[in-house]
Amino acid sequence: MASYKFKTQNSFLLLLSISFFFLLLLNKVNSTGSLSFSFPKFKHSQPDLIFQSDALVTSKGVLQLTTVNDGRPVYDSIGRVLYAAPFQIWDSTTGNVASFVTSFSFIIKAPNEGKTADGLVFFLAPVGSTQPLKGGGLLGLFKDESYNKSNQIVAVEFDTFRNVAWDPNGIHMGIDVNSIQSVRTVRWDWANGEVANVFISYEASTKSLTASLVYPSLEKSFILSAIVDLKKVLPEWVRVGFTATTGLSEDYVQTNDVLSWSFESNLPGGNSVASVKNAGLSTYAA
């Protein structure tokens, strides 16, 4: 019965993903505002990515967000990676908002399954966004746990440690809007060392942000969604990327590795990425 439920849910997720992807392709016919890239694996020399703090690419082409020494993750590590080219998430002239899809695979592995911390996050942020000094439960996203609309951040978190002040019980996925306290969460049965495949989509017409995670080898899947008005939360131009942290004590550690990543956005009638300079933005400035 569990297997049937898994297959049914994942058939729905696959159909949803394919349908939304082709909708983006069709809409691009009448669109000049888009960003598209794909990293089947990563390279040591990756000029189209911005690396912050501990993040790096390993010799095996893995995007390692937090530090690993001699095969063991290090505590109090924090790292972020952003795609260098900004993209237009909404157009102040037309009022149009972009739709987007992204997919990536990651592995979180902990020496002790009962002591994991802290998490991995996909996020959108202002072009000049820098990584806060605080890691741990704030996941390299925010300076503190309070809501602040000036943060201008939307994120999907994969959180492996419960911070009592703002987290629900247990390991979870969450959607964050300007605060580390998620607007929507779902329980996530994290699988130690297993490859997780993630698909995230935003449909501008419905303002629906949806995230799904599948462990193909374990027949486990998870999905959550929330209504988020990106035009009210984010600036007109943003960058997209990942952030991750480990715990603040040496017992609570984990790896945070991204294996592959693709992204596609569509803004009807917007500016192309090549027009970024006309907006007064630098394509590759951190």
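Backbone N, Cα and C define each Cβ position, glycine as well.
Pulled from Swiss-Prot, these are the features on record:
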{"type": "SIGNAL", "residues": "1-31", "note": "signal peptide"}
{"type": "CARBOHYD", "residues": "N148", "note": "N-linked glycosylation site"}
{"type": "BINDING", "residues": "E157, D159, D167, H172", "note": "Mn(2+) binding site"}
{"type": "BINDING", "residues": "D159, N163, D167", "note": "Ca(2+) binding site"}
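Distribution of Swiss-Prot features across the structure.
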residue: N148; record: N-linked glycosylation site; DSSP (3 states): coil
residue: E157; record: Mn(2+) binding site; DSSP (3 states): strand
residue: N163; record: Ca(2+) binding site; DSSP (3 states): coil
residue: H172; record: Mn(2+) binding site; DSSP (3 states): strand
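In this structure, the C-alpha atom of N148 (N-linked glycosylation site) lies 18 angstrom from that of E157 (Mn(2+) binding site).
Other than D159, N163, D167, the residues of this chain whose Cβ falls within 8 Å of the Cβ centroid of the Ca(2+) site are, in sequence order, D118, G119, G137, F161, R162, W166, P168, H172, G174, I180.
In this view, the densest Cβ surroundings among the recorded positions N148, D159, N163, D167 belong to D159, judged by other Cβ atoms lying within 10 Å.
Fewest other C-beta atoms within 10 Å: among the binding-site residues E157, H172, that description fits H172. Sequence-ordered, the extra residues of this chain that approach the Mn(2+) site, with Cβ no more than 8 Å from the Cβ center of E157, D159, D167, H172, are G119, F158, T160, F161, R162, P168, I171, M173, G174, S182, T185, W188. In this structure the alpha carbons, written CA, of N163 (Ca(2+) binding site) and E157 (Mn(2+) binding site) are 13 Å apart.
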